[in-house]
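One structure is given below, encoded as structure tokens.
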Amino acid sequence: MAANDRTSSPLGYSSTDTMLNANSNSSNKAEREEKQHIKAPLMKFKTYLSALRPWSLSASLMPTLLGTTLALRVHGYESLSILTFLCTVLTVVTVHCAGNVVNTYYDFVKGIDDRKADDRTLVDHILSQDEVVTLGVLLYGAGCLGFVFLVYLSPAKLEHLALVYFGGLSSSFLYTGGIGLKYIALGDVLILVIFGPISVLFSYMAQTGYIEWATIFYAIPLALNTEAILHSNNTRDAESDKRVGIVTLAILIGRTSSYVLYAVLLFTPYVIFMVLGMKYSVLFLLPMVTFKQAFAIERQFRNESTVQKVPRQTAKLNLFFGILYVIACFGAPQLPLISRK
């Protein structure tokens, strides 16, 4: 018999087959490593994005959009600048994101966040403390850069814009940084003012150059709904917050009163819309479309097992509710307390 030109292995595979398999495995390993190399920056980007808590950004986007819409209605299309609007959005949103990052950092440093916390960016070592600090600095830097462009583009006086902007920036830091207003039961007041009247006034002023105090009235529904997001978050975390010795409004008033307050914050805007709808324009009834969703979230708040989901659900409600409210303000033939100039 002629000798085979291939040597067989004890398992019946030839040496040539073994070499081919080895080459194939090596090629597959190289492909996997290449894919991982490509995916790594993308995964890191997603990690940073998640640390910003994008689900909460409706709280700053909606007031900015509302203020711009009111400016358009009062002063006409000639007052509208898309570049000014984009700079306003950049300025407001980056400062909001920076505040979220500062909150993540100080909640971890003070031992508030643990394995059960909703935000585990630092707890699970998804990002390091240095990375979180760097991210916060970059976001504040981006906000200040946006503000510089805004000063150049806006007809508003520098001192007026600076007063509102740096007031908002310092508030976003002091919420948990520095004296930590959140930890001494003053966070609710801060959020109610900043993510409502101040944000709407800032975006209106950036477009028109004027301060219109009537915009504060229009900010009330959004401010109450945004405060509902914060209050539901603090109610959910009341026990863990109490263990580390911090004080929030939810801790001070207790679970039952917290539920009552949440219901007031959640449903009062709908009462306002009903009054506006009956007295001025049916378009103000548009946000009532979300009323059923609000009831569903309120039921979740009552249940200890589902309250974990309430802050994000309330933020989602805030987005839809805010968009419909802005549409109503844009389309209503008459706006109360404010007239075209």
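Just so it is clear, glycine is given a Cβ too, placed from its N, Cα and C backbone atoms.
Automated prediction, rather than curation, is the source of TrEMBL annotations.
Looking at 158-176, 215-233, the range annotated in TrEMBL as transmembrane segment turns out to be 158-176. Taking Cβ pairs closer than 8 Å, the transmembrane segment (132-152) reaches residues 48, 51-52, 83-84, 87-88, 90-91, 94-95, 97-98, 101-102, 104-105, 121-122, 158, 161-162, 165, 169, 206 in its own chain, all 6 or more past its ends. Long-range contacts of the transmembrane segment (271-296) within the same chain, counting only residues at least 6 positions beyond its ends with a Cβ under 8 Å from a Cβ of the stretch, are 220-221, 317, 320-321, 324-325, 327-328, 331-336.
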